[in-house]
Amino acid sequence: MSAVNNTKFNSAVFLLTGFPGEEDVHLWISIPFCLMYVISIVGNSVILFIIKTDPSLHEPMYIFFSMLAITDLVLSISTMPTTLGIFLFNSREISLNACFAQLFVIHLLQCIESSVLLLMSFDRFIAIRNPLRYASILTLPRIGKMGLVCVLRGVAVNLPLPFLLQEFQYCQSNVLSHCYCINQDVMKMACSDIRVNSIYGLSVALLTVGLDSLLIFLSYVMILKTVLSITTQVECLRALNTCISHICAVLLFYMPMIGLSMIHRFGEGSSHLLQILLGYVYLLIPPLMNPIVYSVKSKHLCERIIRVFINCFWEAP
(Lines of atoms letter the chains of each structure in order from A and count residues from 1; the text may use other names and numbers.)
(Lines give C-alpha, C1' and ligand atoms only; values in the text may rest on other atoms or scores of the structure.)
Protein backbone atom coordinates (compact mmCIF):
# COMPACT_ATOMS: atom_id res chain seq x y z
CA MET A 1 0.00 0.00 0.00
CA SER A 2 1.66 3.22 -1.08
CA ALA A 3 1.83 6.27 1.12
CA VAL A 4 0.83 9.68 -0.06
CA ASN A 5 4.21 11.20 -0.94
CA ASN A 6 3.94 14.63 -2.56
CA THR A 7 1.26 13.39 -4.94
CA LYS A 8 -1.68 15.27 -6.33
CA PHE A 9 -5.18 14.47 -5.17
CA ASN A 10 -6.20 12.44 -8.23
CA SER A 11 -3.62 9.70 -7.65
CA ALA A 12 -3.57 9.37 -3.87
CA VAL A 13 -5.53 7.64 -1.14
CA PHE A 14 -6.22 8.25 2.51
CA LEU A 15 -6.47 5.57 5.17
CA LEU A 16 -9.48 5.74 7.47
CA THR A 17 -9.19 4.72 11.13
CA GLY A 18 -11.37 2.41 13.22
CA PHE A 19 -9.94 1.61 16.65
CA PRO A 20 -6.13 1.41 16.27
CA GLY A 21 -4.63 -1.70 17.83
CA GLU A 22 -8.03 -3.40 18.11
CA GLU A 23 -8.21 -4.81 14.59
CA ASP A 24 -8.65 -8.35 15.91
CA VAL A 25 -12.00 -7.44 17.50
CA HIS A 26 -13.25 -5.11 14.76
CA LEU A 27 -15.82 -7.72 13.73
CA TRP A 28 -17.30 -7.73 17.24
CA ILE A 29 -17.15 -3.93 17.39
CA SER A 30 -19.16 -3.84 14.16
CA ILE A 31 -22.20 -5.35 15.92
CA PRO A 32 -23.17 -2.26 17.99
CA PHE A 33 -22.34 -0.02 15.03
CA CYS A 34 -24.62 -2.05 12.76
CA LEU A 35 -27.38 -1.85 15.38
CA MET A 36 -26.97 1.92 15.71
CA TYR A 37 -27.15 2.41 11.95
CA VAL A 38 -30.21 0.15 11.65
CA ILE A 39 -31.99 1.98 14.49
CA SER A 40 -31.07 5.39 13.03
CA ILE A 41 -32.20 4.56 9.50
CA VAL A 42 -35.36 2.68 10.49
CA GLY A 43 -36.26 5.20 13.21
CA ASN A 44 -35.95 8.26 10.98
CA SER A 45 -37.67 6.47 8.06
CA VAL A 46 -40.63 5.51 10.28
CA ILE A 47 -40.90 9.08 11.57
CA LEU A 48 -40.96 10.43 8.00
CA PHE A 49 -43.54 7.85 6.90
CA ILE A 50 -45.87 8.61 9.81
CA ILE A 51 -45.64 12.39 9.42
CA LYS A 52 -46.25 12.12 5.67
CA THR A 53 -49.25 9.77 5.93
CA ASP A 54 -51.01 11.32 8.95
CA PRO A 55 -52.72 14.63 8.04
CA SER A 56 -53.07 15.51 11.72
CA LEU A 57 -49.26 15.75 11.92
CA HIS A 58 -49.00 18.26 9.09
CA GLU A 59 -48.23 21.01 11.60
CA PRO A 60 -45.16 23.27 11.74
CA MET A 61 -43.54 21.44 14.68
CA TYR A 62 -43.76 18.04 12.96
CA ILE A 63 -42.70 19.43 9.58
CA PHE A 64 -39.55 20.86 11.16
CA PHE A 65 -38.99 17.51 12.83
CA SER A 66 -39.34 15.76 9.46
CA MET A 67 -36.62 18.10 8.10
CA LEU A 68 -34.39 17.02 10.98
CA ALA A 69 -35.18 13.36 10.28
CA ILE A 70 -34.30 13.71 6.58
CA THR A 71 -30.96 15.30 7.49
CA ASP A 72 -30.16 12.57 10.02
CA LEU A 73 -31.20 9.84 7.59
CA VAL A 74 -28.95 11.11 4.78
CA LEU A 75 -26.07 11.61 7.24
CA SER A 76 -26.32 7.99 8.40
CA ILE A 77 -26.45 6.68 4.83
CA SER A 78 -23.49 8.82 3.72
CA THR A 79 -21.15 7.56 6.45
CA MET A 80 -22.32 3.96 6.80
CA PRO A 81 -20.24 2.48 3.90
CA THR A 82 -16.88 3.72 5.20
CA THR A 83 -17.63 3.01 8.87
CA LEU A 84 -18.91 -0.54 8.40
CA GLY A 85 -16.34 -1.17 5.65
CA ILE A 86 -13.57 -0.72 8.21
CA PHE A 87 -15.09 -2.95 10.89
CA LEU A 88 -16.51 -5.69 8.65
CA PHE A 89 -13.96 -5.88 5.81
CA ASN A 90 -10.94 -3.89 7.06
CA SER A 91 -11.43 -1.66 4.02
CA ARG A 92 -9.54 1.47 5.05
CA GLU A 93 -8.59 3.05 1.73
CA ILE A 94 -10.56 5.95 0.33
CA SER A 95 -9.62 7.98 -2.73
CA LEU A 96 -9.22 11.69 -2.28
CA ASN A 97 -12.10 12.46 -4.63
CA ALA A 98 -14.41 10.20 -2.61
CA CYS A 99 -13.07 11.69 0.62
CA PHE A 100 -13.71 15.25 -0.57
CA ALA A 101 -17.23 14.30 -1.66
CA GLN A 102 -17.97 12.70 1.71
CA LEU A 103 -16.64 15.63 3.74
CA PHE A 104 -18.73 18.05 1.64
CA VAL A 105 -21.88 16.00 2.33
CA ILE A 106 -21.09 15.71 6.06
CA HIS A 107 -20.39 19.43 6.52
CA LEU A 108 -23.42 20.34 4.38
CA LEU A 109 -25.73 18.14 6.45
CA GLN A 110 -24.31 19.44 9.73
CA CYS A 111 -24.90 23.01 8.54
CA ILE A 112 -28.48 22.16 7.48
CA GLU A 113 -29.16 20.40 10.80
CA SER A 114 -27.91 23.44 12.71
CA SER A 115 -30.25 25.64 10.65
CA VAL A 116 -33.21 23.31 11.25
CA LEU A 117 -32.57 23.35 15.00
CA LEU A 118 -32.64 27.16 14.82
CA LEU A 119 -35.97 27.04 12.95
CA MET A 120 -37.33 24.66 15.59
CA SER A 121 -36.37 27.09 18.36
CA PHE A 122 -38.15 29.83 16.40
CA ASP A 123 -41.18 27.52 16.17
CA ARG A 124 -41.21 27.04 19.96
CA PHE A 125 -40.77 30.79 20.51
CA ILE A 126 -43.77 31.64 18.32
CA ALA A 127 -45.90 28.86 19.85
CA ILE A 128 -45.27 30.14 23.38
CA ARG A 129 -45.01 33.89 22.77
CA ASN A 130 -47.84 34.32 20.28
CA PRO A 131 -49.97 31.13 20.12
CA LEU A 132 -52.99 32.83 18.53
CA ARG A 133 -50.94 33.81 15.46
CA TYR A 134 -48.87 30.61 15.35
CA ALA A 135 -50.70 29.03 12.40
CA SER A 136 -50.81 32.29 10.41
CA ILE A 137 -47.09 32.99 10.90
CA LEU A 138 -45.74 29.48 10.21
CA THR A 139 -47.66 28.59 7.07
CA LEU A 140 -46.61 25.64 4.89
CA PRO A 141 -45.28 27.82 2.01
CA ARG A 142 -43.26 29.90 4.47
CA ILE A 143 -41.82 26.78 6.11
CA GLY A 144 -40.89 25.44 2.66
CA LYS A 145 -39.01 28.66 1.86
CA MET A 146 -37.21 28.46 5.23
CA GLY A 147 -36.11 24.90 4.45
CA LEU A 148 -34.88 25.93 0.99
CA VAL A 149 -32.85 28.78 2.49
CA CYS A 150 -31.26 26.31 4.94
CA VAL A 151 -30.17 24.04 2.07
CA LEU A 152 -28.91 26.91 -0.11
CA ARG A 153 -26.93 28.42 2.76
CA GLY A 154 -25.33 25.06 3.48
CA VAL A 155 -24.38 24.51 -0.16
CA ALA A 156 -23.04 28.07 -0.60
CA VAL A 157 -20.71 28.04 2.41
CA ASN A 158 -19.50 24.41 2.14
CA LEU A 159 -19.05 24.05 -1.63
CA PRO A 160 -15.61 25.77 -1.63
CA LEU A 161 -14.19 23.26 0.90
CA PRO A 162 -13.46 20.34 -1.50
CA PHE A 163 -12.12 22.71 -4.16
CA LEU A 164 -9.73 24.31 -1.68
CA LEU A 165 -8.53 20.86 -0.59
CA GLN A 166 -7.97 19.78 -4.19
CA GLU A 167 -5.36 22.50 -4.63
CA PHE A 168 -3.12 20.98 -1.95
CA GLN A 169 -0.35 18.43 -2.21
CA TYR A 170 -0.43 15.68 0.40
CA CYS A 171 2.95 14.57 1.67
CA GLN A 172 2.22 14.13 5.38
CA SER A 173 0.93 10.89 6.91
CA ASN A 174 -2.10 9.70 4.97
CA VAL A 175 -3.82 8.16 8.01
CA LEU A 176 -6.95 10.08 9.03
CA SER A 177 -8.24 10.19 12.61
CA HIS A 178 -11.75 8.90 11.92
CA CYS A 179 -13.74 6.42 9.84
CA TYR A 180 -15.00 9.30 7.71
CA CYS A 181 -13.59 12.49 6.19
CA ILE A 182 -13.98 15.97 7.66
CA ASN A 183 -12.24 19.18 6.64
CA GLN A 184 -10.28 19.73 9.89
CA ASP A 185 -8.77 16.26 9.65
CA VAL A 186 -7.98 16.18 5.93
CA MET A 187 -6.26 19.55 5.72
CA LYS A 188 -3.71 18.43 8.33
CA MET A 189 -2.43 15.91 5.78
CA ALA A 190 -1.37 18.67 3.37
CA CYS A 191 2.23 19.80 3.02
CA SER A 192 1.08 23.10 1.46
CA ASP A 193 0.19 26.28 3.33
CA ILE A 194 -3.28 25.62 4.79
CA ARG A 195 -3.90 29.02 6.40
CA VAL A 196 -6.55 30.05 3.85
CA ASN A 197 -8.42 26.77 4.28
CA SER A 198 -8.13 26.92 8.06
CA ILE A 199 -9.38 30.52 8.24
CA TYR A 200 -12.22 29.80 5.82
CA GLY A 201 -13.27 26.66 7.69
CA LEU A 202 -13.25 28.48 11.02
CA SER A 203 -15.19 31.41 9.52
CA VAL A 204 -17.82 29.05 8.11
CA ALA A 205 -18.18 27.33 11.49
CA LEU A 206 -18.58 30.65 13.33
CA LEU A 207 -21.03 32.14 10.80
CA THR A 208 -23.22 29.02 10.60
CA VAL A 209 -23.08 26.76 13.65
CA GLY A 210 -21.76 29.54 15.92
CA LEU A 211 -24.39 32.06 14.83
CA ASP A 212 -27.17 29.48 14.95
CA SER A 213 -26.27 28.41 18.48
CA LEU A 214 -26.21 32.04 19.62
CA LEU A 215 -29.65 32.70 18.11
CA ILE A 216 -31.01 29.50 19.68
CA PHE A 217 -29.71 30.67 23.06
CA LEU A 218 -31.32 34.10 22.59
CA SER A 219 -34.61 32.50 21.54
CA TYR A 220 -34.64 30.47 24.77
CA VAL A 221 -33.90 33.59 26.79
CA MET A 222 -37.02 35.12 25.24
CA ILE A 223 -38.99 31.89 25.79
CA LEU A 224 -37.94 31.80 29.46
CA LYS A 225 -38.89 35.44 29.86
CA THR A 226 -42.33 34.73 28.38
CA VAL A 227 -42.84 31.57 30.45
CA LEU A 228 -41.95 33.33 33.71
CA SER A 229 -44.64 35.90 33.00
CA ILE A 230 -47.32 33.17 32.97
CA THR A 231 -49.32 33.37 36.14
CA THR A 232 -50.10 29.72 36.90
CA GLN A 233 -47.37 27.20 37.60
CA VAL A 234 -49.16 24.43 35.70
CA GLU A 235 -49.25 26.46 32.46
CA CYS A 236 -45.65 27.50 33.00
CA LEU A 237 -44.47 23.89 33.30
CA ARG A 238 -46.63 22.84 30.37
CA ALA A 239 -45.02 25.49 28.17
CA LEU A 240 -41.51 24.46 29.22
CA ASN A 241 -42.34 20.80 28.66
CA THR A 242 -42.93 21.46 24.95
CA CYS A 243 -39.29 22.60 24.66
CA ILE A 244 -37.58 19.63 26.34
CA SER A 245 -37.24 17.47 23.22
CA HIS A 246 -35.76 20.38 21.26
CA ILE A 247 -33.30 21.22 24.06
CA CYS A 248 -32.17 17.56 24.07
CA ALA A 249 -31.68 17.64 20.29
CA VAL A 250 -29.66 20.87 20.55
CA LEU A 251 -27.37 19.42 23.24
CA LEU A 252 -26.93 16.13 21.34
CA PHE A 253 -25.92 18.05 18.23
CA TYR A 254 -23.78 20.95 19.46
CA MET A 255 -21.82 19.43 22.35
CA PRO A 256 -20.00 16.69 20.37
CA MET A 257 -19.50 19.02 17.39
CA ILE A 258 -17.95 21.80 19.46
CA GLY A 259 -15.79 19.31 21.39
CA LEU A 260 -14.49 17.62 18.23
CA SER A 261 -13.81 20.94 16.52
CA MET A 262 -11.89 22.24 19.53
CA ILE A 263 -9.76 19.07 19.71
CA HIS A 264 -8.89 19.21 16.00
CA ARG A 265 -7.98 22.89 16.03
CA PHE A 266 -6.42 23.40 19.44
CA GLY A 267 -5.93 19.98 21.09
CA GLU A 268 -2.47 19.05 19.83
CA GLY A 269 -1.68 16.92 22.89
CA SER A 270 -5.13 15.42 23.38
CA SER A 271 -5.70 11.67 23.63
CA HIS A 272 -6.10 9.99 20.25
CA LEU A 273 -8.68 7.60 21.73
CA LEU A 274 -10.73 10.56 23.01
CA GLN A 275 -10.63 12.07 19.52
CA ILE A 276 -11.86 8.80 17.97
CA LEU A 277 -14.65 8.28 20.53
CA LEU A 278 -15.84 11.87 20.24
CA GLY A 279 -15.84 11.46 16.46
CA TYR A 280 -18.21 8.49 16.72
CA VAL A 281 -20.47 10.34 19.18
CA TYR A 282 -20.54 13.37 16.85
CA LEU A 283 -21.50 11.17 13.90
CA LEU A 284 -23.81 8.50 15.32
CA ILE A 285 -25.58 9.74 18.43
CA PRO A 286 -27.77 12.62 17.07
CA PRO A 287 -29.33 10.51 14.24
CA LEU A 288 -29.80 7.66 16.71
CA MET A 289 -31.31 9.63 19.58
CA ASN A 290 -33.40 12.33 17.86
CA PRO A 291 -36.23 9.96 16.77
CA ILE A 292 -36.28 8.40 20.24
CA VAL A 293 -36.36 11.73 22.07
CA TYR A 294 -39.10 13.24 19.91
CA SER A 295 -41.18 10.05 19.90
CA VAL A 296 -41.08 9.80 23.69
CA LYS A 297 -41.96 13.47 24.22
CA SER A 298 -44.71 13.64 21.57
CA LYS A 299 -47.70 11.60 22.76
CA HIS A 300 -49.50 11.78 19.41
CA LEU A 301 -46.41 10.70 17.46
CA CYS A 302 -45.68 7.90 19.94
CA GLU A 303 -49.24 6.57 19.60
CA ARG A 304 -49.00 6.59 15.79
CA ILE A 305 -45.67 4.71 15.87
CA ILE A 306 -47.11 2.05 18.18
CA ARG A 307 -50.18 1.73 15.96
CA VAL A 308 -48.04 1.27 12.83
CA PHE A 309 -45.97 -1.49 14.43
CA ILE A 310 -49.08 -3.22 15.80
CA ASN A 311 -50.69 -3.15 12.35
CA CYS A 312 -47.52 -4.50 10.75
CA PHE A 313 -47.37 -7.29 13.35
CA TRP A 314 -51.00 -8.37 12.90
CA GLU A 315 -50.91 -8.14 9.10
CA ALA A 316 -47.71 -10.17 8.87
CA PRO A 317 -48.27 -13.72 7.54
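Even glycines carry a Cβ here, placed using N, Cα and C.
Taken from TrEMBL, the feature transmembrane segment applies to 25-51 (among others).
Feature annotation from TrEMBL assigns domain 'G-protein coupled receptors family 1 profile' to 43-294. Regional average pLDDT for the domain 'G-protein coupled receptors family 1 profile' (43-294) in the model is 87.
Taken from TrEMBL, the feature transmembrane segment covers 63-88 (among others).
Marked as transmembrane segment by TrEMBL: 100-122 (among others).
Marked as transmembrane segment by TrEMBL: 143-165 (among others).
Feature annotation from TrEMBL assigns transmembrane segment to 199-223 (among others).
Annotation comment: TrEMBL describes 244-267 (among others) as transmembrane segment.
Under the heading transmembrane segment, TrEMBL lists 273-294 (among others). Within its own chain, the transmembrane segment (273-294) has Cβ neighbours under 8 Å at 17, 19-20, 33, 36-37, 39-40, 43-44, 46-47, 65, 68-69, 72-73, 75-76, 79, 83, 113, 177-180, 245, 248-249, 252-253, 256-257, 259-260, 263-264, 267, 301, counting only residues six or more beyond its boundaries.
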Interface check, the transmembrane segment (100-122) with the transmembrane segment (199-223), three or more C-beta pairs under 8 A: yes
Chain residues outside the transmembrane segment (63-88) and at least six past its termini with a C-beta under 8 angstroms from it: 16-18, 26-27, 29-30, 33-34, 37, 40-41, 44-45, 47-48, 51-52, 94, 102, 105-106, 109-110, 112-113, 116-117, 119-120, 123, 140, 143, 147, 150, 179-180, 249, 283-284, 286-287, 290-291, 294
Sequence-remote partners of the transmembrane segment (143-165) [C-beta within less than 8 Å, at least six residues beyond its ends]: 9, 60, 63-64, 67, 96, 100-101, 103-104, 107-109, 111-112, 115-116, 119, 183, 186-187, 190, 196-197, 200-201, 204, 207-208
